[in-house]
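Report on the structure given below.
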Amino acid sequence: MDLEALVIASMPLVLAGAAFALPMIRLAIRSKEFFDLYAVFWTGIAAIVTSYTVIKVWNIGKPLLYTLGGWPPPLGIVYEIDLVGAVLAALTAIVIFLATVYSAWFAYRFEKRVAWYYTLILLLEAGLLGCMYTGDIFNLFVMIEVTALASYALVAFYRDRLIALEASIKYGIIGAAATSVYFLAVVILYLSYGTLNMADLTLRAHELTTLLGTKLGTEVYTLALSSTIALALSLWTFMYLAAIFPNHFWLPDAHPEAPTPISAILSGVVVNVGIYATLRFFYTIFSPGSVLSTVTIGSLALSLRDFILYVAMILGAITCILGALLMVVQRDVKRLLAYSTISHMGLIFMGLAICLDTVAEPIRVLALAAVVFHTINHAFGKSLLFLSAGVFIDITGTRDMERWREMKGVGGDRIAFSGMVTGSLHLLGVPPLGGFFSKLMLMQAFIASGKPWLALVLVAASAIALIAYIKLITSAAPLISAPQTTKRSPLAILTIVILIALCVAPGIAYVAGYVIPALQKIASLTASTHGVRAYIEAALHAAEVLTP
């Protein structure tokens, strides 16, 4: 195995090691500045390595595979990184790096506990990268648990606030139930297929369709039934992770109560685990042509796979509208942004759910390209809004937007206000910002797939959200009517400026003609028949090389 693959695959382990080393280092060093530099260094390394991984996988044109311990798949755990996984991992690392830089200013509020704060951030990042890189459904469970435990602790980081503890407990109880449900799904899949490796599962779910259908007759129905149950249970967990209705209720309490940089991470990238896991199960393991595509529900004339996807599509649409409606009635700026996250996750789920058996492959590729693009745009836009709002919360001492209106002349930060305006317009989908073009691509996919009503849901949700974003901007505007009275940290302002650029750049790149070809390549290596075959062949090649 080459050194590059080793370095890339070791990133989750390296980050976990850096996280666990920090409490021991704290016994000898108490300097906040040291802890700031330590966290920025390791998250910066992760951002560089994950970004390089995108370039590496792009150049080789097939998944990058690393076997842990040298055990051949499917016997051992493997990291199998295709372009979608690589891009989402890089997105995760970049957002966490920027939030960590911002934290170097923000963490003065809890200077005595800053080492524990950075420990949890590094552990959270280790879990997230593991989720994006793993090629094993049980290892995905383990990495979801690592991510979840760090998230629960970060939500409750303000331990003197009872509401934060309550939000964390609710988050934790529901999270424990959700991950237990996924574990049950893993057990069912293992008993049905005899493997936990994603590539091997994909191979068997497609090959056994032909074998059972032609030689064993009705046994295909037994396999399809167990697979349907496992997929439905998995989807329930993934909907919890992505805050899709009716599993959304924990997010508006949990995300606002965390420290502001953590709110940006939770709403910007942690929710993407549910999106990524869903696309991996529906676009790879149980992609069109699998066992779930062969058995139909007679009265509905739908395959089992399409039936589950229609349920996900409807729940995504409900989530999209519900999140937008609940944004409008919020006074707490962080709760408003949390409901915005729910709405956008619903929109992304709608895009994922149109990968039906009856939809042509080019349209499925377009849908996944739009999903990836909007996931990127949402992560940058939502992080920008949370970090900009954090500056105004620091100035005013409150998250209540109605009280902001009463503080005219207090003196706000104009760069932070620019970030708030840019982030709002970006997520609304106003040209020439990137959010407009990802929403445009989603609308094109909805219409091309024969689901124009989904395009209407997108437009309706955006129109409703407009009211909430106007409320947000007009609440912050009075604060900048007077000269700024206090200086913000250059680090906080730098992260906001970078995120503004990351919201503007995708729109410019789209107009220049760079985005669509790149997205088409990223999506086709996952959503196409060729991409699924490449995912399987990478594991088969590793097994052939490593098996004595």
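Cβ atoms here come from the backbone N, Cα and C positions, even for glycine.
TrEMBL does not curate its annotations; it predicts them automatically.
Here is what TrEMBL records for this protein:
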TRANSMEM  6-25  transmembrane segment
TRANSMEM  115-135  transmembrane segment
DOMAIN    136-464  domain 'NADH:quinone oxidoreductase/Mrp antiporter transmembrane'
TRANSMEM  141-159  transmembrane segment
TRANSMEM  171-193  transmembrane segment
TRANSMEM  220-243  transmembrane segment
TRANSMEM  264-287  transmembrane segment
TRANSMEM  307-329  transmembrane segment
TRANSMEM  336-359  transmembrane segment
TRANSMEM  365-393  transmembrane segment
TRANSMEM  414-433  transmembrane segment
TRANSMEM  453-470  transmembrane segment
TRANSMEM  491-516  transmembrane segment
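Outside the transmembrane segment (264-287), and at least 6 residues removed from its termini, the chain residues within Cβ reach (under 8 Å) are 84-85, 88, 91-92, 95-96, 99, 102, 121, 124, 128, 131-132, 140, 144, 147, 151, 154-155, 198, 201-202, 205-206, 227, 231, 234-235, 237-244, 251, 254-255, 258, 293, 305, 309, 312, 337-338, 341, 345, 348-349, 352, 355, 364, 368, 371, 375, 378-380, 382-383, 386-387, 526-527, 532, 535. Counted over residue pairs separated by six or more positions, the transmembrane segment (453-470) shares fewer than 3 Cβ pairs under 8 angstroms with the transmembrane segment (115-135), which leaves the two as not touching.
Beyond the transmembrane segment (115-135), the same-chain residues lying 6 or more positions past its ends with a Cβ under 8 Å from any Cβ of the stretch are 8-9, 11-13, 15-16, 18-20, 22-23, 25-26, 35-36, 38-39, 42-43, 46, 50, 65, 73, 77-81, 85-86, 88-89, 92-93, 96, 99-100, 103, 107, 142-151, 153-154, 157, 197-199, 259, 262, 265, 269-270, 273, 276-277, 539. In this chain, the transmembrane segment (491-516) lies in contact with the transmembrane segment (365-393); the count of Cβ pairs under 8 Å, excluding pairs fewer than 6 apart in sequence, is at least 3. Residues 228, 231-232, 235, 239, 243-246, 248, 252, 278, 282, 292, 297, 300, 336, 339-350, 352-356, 451, 454, 457-458, 460-462, 464-465, 467-468, 471 of the same chain lie 6 or more positions beyond the ends of the transmembrane segment (307-329) yet place their CB under 8 Å from a CB of it. If one looks beyond the transmembrane segment (336-359) by at least 6 residues along the same chain, the residues whose Cβ comes under 8 Å of a Cβ in the stretch are 239, 242-245, 248, 251-252, 255-256, 263, 267, 271, 274-275, 278-279, 282-283, 287-288, 293, 303, 305-306, 309-310, 312-313, 315-324, 326-327, 330, 367-368, 370-371, 374-375, 378, 382, 385-386, 389, 401, 427, 439, 442, 445-446, 449-451, 454, 457-458, 461, 465, 468, 471-472, 527. Simply put, out of 6-25, 171-193, 491-516, 491-516 has the most Cβ pairs sitting under 8 Å from the transmembrane segment (414-433). With a cut-off of 8 Å between Cβ atoms, the residues of this chain six or more beyond the transmembrane segment (491-516) that come close are 98-99, 101-102, 104-106, 369, 373, 376-377, 380-381, 383-384, 387-388, 390-391, 413, 415-416, 418-419, 422-423, 426, 431-438.
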